[in-house]
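Asks: Next up is a structure, given as structure tokens.
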Amino acid sequence: MCGIVAAVTQRNITNFLVEGIKKLEYRGYDSSGLAIIDYKNNIIRIRCVGKVNELIKKVYKKKILGNIGMAHTRWATHGKVSKANTHPHISSNIIVVHNGIIENSSILRLFLQKKGYIFYSDTDTEVIAHLLHWEQNKKKDPLKKTIQNSIEKLYGNYSMVVIDKNNPSRLIAVRSRSPLVIGLGLEENFIASDQIALLNITKRFIYLEEGDIAVVTRKRIDIFNKNSTITKRKEIISNTEYKSVKKGKYRHFMEKEIYEQPESIRKTLENRLKNNSKIYFSELGLKENNLFYHAEHIQIVACGTSYNAAMVSRYWFESLANIPCDVEIASEFSSRKLALRKKSLLITLSQSGETADTLSALRCSKNLGYLGNLTICNMESSSLVKESDCCILTKAGLEIGVASTKSFTTQLTVLLMLIAKIINVKKEKNNISNKIIQTLNILPTRIEEILKKNELIKNLANKISHKKNILFLGRGDTYPIAIEGALKLKEISYIHAEAYPAGELKHGPLALIDQNIPIIIIAPKNSLLNKIKKNIKEISLRGGITYVFSDQEFDYEENMNVIKMPYVEELIAPIFYIIPLQLLAYYVALSKGRDIDQPRHLAKSVTVE
Ligand code: HGA
């Protein structure tokens, strides 16, 4: 959350900052701002509430000329959404943009107020700016030393970029549990919270590591590690293509990403299914085989959509591989005292690999005695990948829409492959893993078939988009799909939606049923179909209106509508059935005119706990 770009350039910096921050808008869009030191050494700061386009309009009305500056797009944590709280924050000569939370900011604020500092915002970021200014003037130290002294006083997870107007040739970047990447140019250098902001300028990147402070000028980059020792960090050449961040023929990134799923799944499967009988992950070696061989329990930790993917996989781990599996929301996992299961393998799931709650859960788990930990992640250079014992990459490509779609289905694809791999490792010959592999091969084609049914889904969206509440029901491994369908609808249409296991309705939620609550039911052919048919009857008898997604025939019940789905193999039905629910959420939100790629109050890559 919160996007940072900064640069020290040969050319005028304004276009770079504006274009860079636009690309990071997915990280937060409450407000945005920039600050440039102009050719006369004045700080020019422009800030506004709302989308980055508002900022762009304001910036281009002024002609700003300068070679060093920073921009920020905000997802508020300290202080409401307002211009005064928008970054950059300034304390005399010190300018700061920041991502994260300073947990002890109230105490520091009081301390600085006593020293005479006047605060113009409610943010923890302004506290950093004044603290740096105070430290700098107290000891007359160079800025890097000042920053080293100040960060000892800051508690929390954050990253920041600082410019000192009195030395306007360098940027100072600090990484403390929140990512920052340096982009290397020709006699100019850049900083961003995500390489996506820099991809049209450079392919050469250096990722800062925990506790690093980087001093960046046009010609030099000096990185100091957490012990203040000058250090070298590896330069990487990114192979991410810039074009993948464009919408192309689609109206929204979410729509594009829904339709990209067959391709993303093909990429995720590519070179990993060997001779239809073995799974091969190039990221893993013999050490991991050993880990899988000894694992007697799986503990998965995740948030949001990744948590829902984990919930589906719990059914698979237990029914296919006969390994007990528990799934927990990351923020809960790290905030309670845990009783460890014997020989337990910890798995974390995250699209960005920067999800603060999941990272914190991984860090908490480290001394608890897990057999080892594995992350399933979409971002190779992320903190989660770096801090885990081993990783398997989903190959979803960049996902820009705040509501995750292709990251969910590629996570499920990897989880199924992982289960087949574990079965292989534990027992050399097993039909189940062969069946998983064969069925996964068919998955992209099955998804292509369901994507062609979009007209059916559009019709349903028109019928329900004016409703205030919607229920989603599933049973067995489609219950988490009902949860994910409800989450998608809530996120982008703002309609209240809840999901239940169909068998649970009679234990309470049935009292909600009337003609005003459409009930979406996922009912593929499986051993639970007859039970779910009985549940549908119970709803119909009470006047409830049901919309049943199924490839099966049903006896007519009053107020029941069947949305006929193409055939799909039972094993991959959960992955298949989320597609119509993603489309449903999309078309409902479209008909309500919602801001689909950037729904209110949300942001992608949730880097605060
Ligand atoms: N705490 C700062 C930055 C917020 C942030 O990083 N959000 O992800 C603020 O509230 O402005």
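All residue numbers here begin at 1 and follow the chain in the order shown.
Backbone N, Cα and C define each Cβ position, glycine as well.
TrEMBL entries are annotated by machine, without manual review.
Take a look at what TrEMBL says about it:
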ACT_SITE  CYS2  active site, nucleophile
ACT_SITE  LYS604  active site, for Fru-6P isomerization activity
DOMAIN    2-219  domain 'Glutamine amidotransferase type-2'
DOMAIN    288-428  domain 'SIS'
DOMAIN    460-599  domain 'SIS'
TRANSMEM  571-590  transmembrane segment
Asks: Tally of helix, strand and coil residues over the domain 'SIS' (288-428) according to DSSP?
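Replies: Secondary-structure composition of the domain 'SIS' (288-428): 64 helix, 28 strand, 49 coil.
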Asks: Using C-alpha atoms only, work out the spacing between LYS604 (active site, for Fru-6P isomerization activity) and CYS2 (active site, nucleophile) and round it to an integer in Å.
Replies: 9
Asks: Taking every protein chain in this structure into account, which of the active-site residues CYS2, LYS604 has the most other Cβ atoms within 10 Å of its Cβ?
Replies: CYS2
Asks: By DSSP, how many residues in the domain 'SIS' (460-599) are helix, how many strand, and how many coil?
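Replies: Going through the domain 'SIS' (460-599) residue by residue, I get 68 helix, 28 strand, 44 coil.
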